[in-house]
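Take a look at the structure set out below.
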């Protein structure tokens with residue numbers, strides 16, 4: 001037996017118009033590009049998609065748009081993140097009604113919780129969720145990192161399909177892969193760009209990273225070469241992806257607000273004619289030098305095409 005494989009799950013941006021209203025056609029275009037290249041999952045309303053920003057009516061609209069772009073072999077994941085259990089459950093019910101296949105849940109934000117409290121919240125949600133659940137560990141946003149023991153407990157539940165690890169903890173991720181290597185009913189996704197190559201060669205089910213929207217082709221080829229066991233090609237492509245991450249990190253060190261990342265992704269998508277805008281009116285005019293970084297990011301991955 002070996003760990004269940006999935007492939008690439010794309011945490012899609014949520015395109016908006018100049019008034020901050022959801023651009024459903026733009027979202028559908030993003031989804032179509034990704035699934036057209038072989039990505040097997042669309043993750044709507046995640047961190048990259050500004051999930052917690054939107055009210056339930058907009059969340060339903062966004063989820064339905066993603067579902068409308070679904071191909072026969074596409075799985076739709078929908079974020080249900082909220083600060084309280086009742087809202088999480090209501091979000092999950094709304095996403096189920098909108099056609100999502102899997103609910104994605106993080107630890108609740110705002111308050112400070114112990115690991116035991118987080119476990120209890122997760123289990124109460126998982127017990128009542130109308131959808132199967134992907135556990136999502138993203139301490140950069142929640143302010144808390146899930147213990148490995150807590151993750152091990154949660155994935156024993158029959159309604160949990162797996163874990164997305166965006167902690168950036170290499171050793172913890174490799175430990176999870178080793179611990180769950182015989183679980184052919186469980187997904188373990190890597191959520192950090194710099195760890196993709198090693199994670200895939202070590203048996204990860206797939207990956208979920210926002211920067212795939214800069215240029216999806218290198219990421220698709222990375223997955224394909226990893227499944228073929230071509231370590232040389234994986235290493236070569238990973239080097240470009242690491243350069244890309246370094247460029248993004250440098251940009252965000254100058255302006256660490258999350259809207260910087262949204263702008264980078266939006267500019268790259270616009271350069272390919274996929275969608276027009278991912279910024280919100282409250283962000284105002286962002287520095288022009290962000291566009292220079294976006295061009296650098298696009299160029300780094302364009303260079304990688306020569307080895308694909």
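Using N, Cα and C of the backbone, Cβ positions are placed for all residues, glycine too.
Pulled from TrEMBL:
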- 136: active site, proton donor/acceptor (ACT_SITE)
- 164: active site, schiff-base intermediate with substrate (ACT_SITE)
- 48, 208: pyruvate binding site (BINDING)
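Feature map: annotations from TrEMBL on the structure.
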residue: 48; record: pyruvate binding site; contacts (Cβ under 8 Å, 6+ apart): 11, 12, 13, 210, 213, 261, 262, 265
residue: 136; record: active site, proton donor/acceptor; contacts (Cβ under 8 Å, 6+ apart): 46, 79, 104, 105, 106, 163, 164, 166
residue: 208; record: pyruvate binding site; contacts (Cβ under 8 Å, 6+ apart): 8, 9, 10, 11, 41, 43, 46, 164, 166, 189, 190, 191
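Residue environment of residue 164 (active site, schiff-base intermediate with substrate) contains 26 other Cβ atoms, counted within 10 Å of its Cβ in all protein chains.
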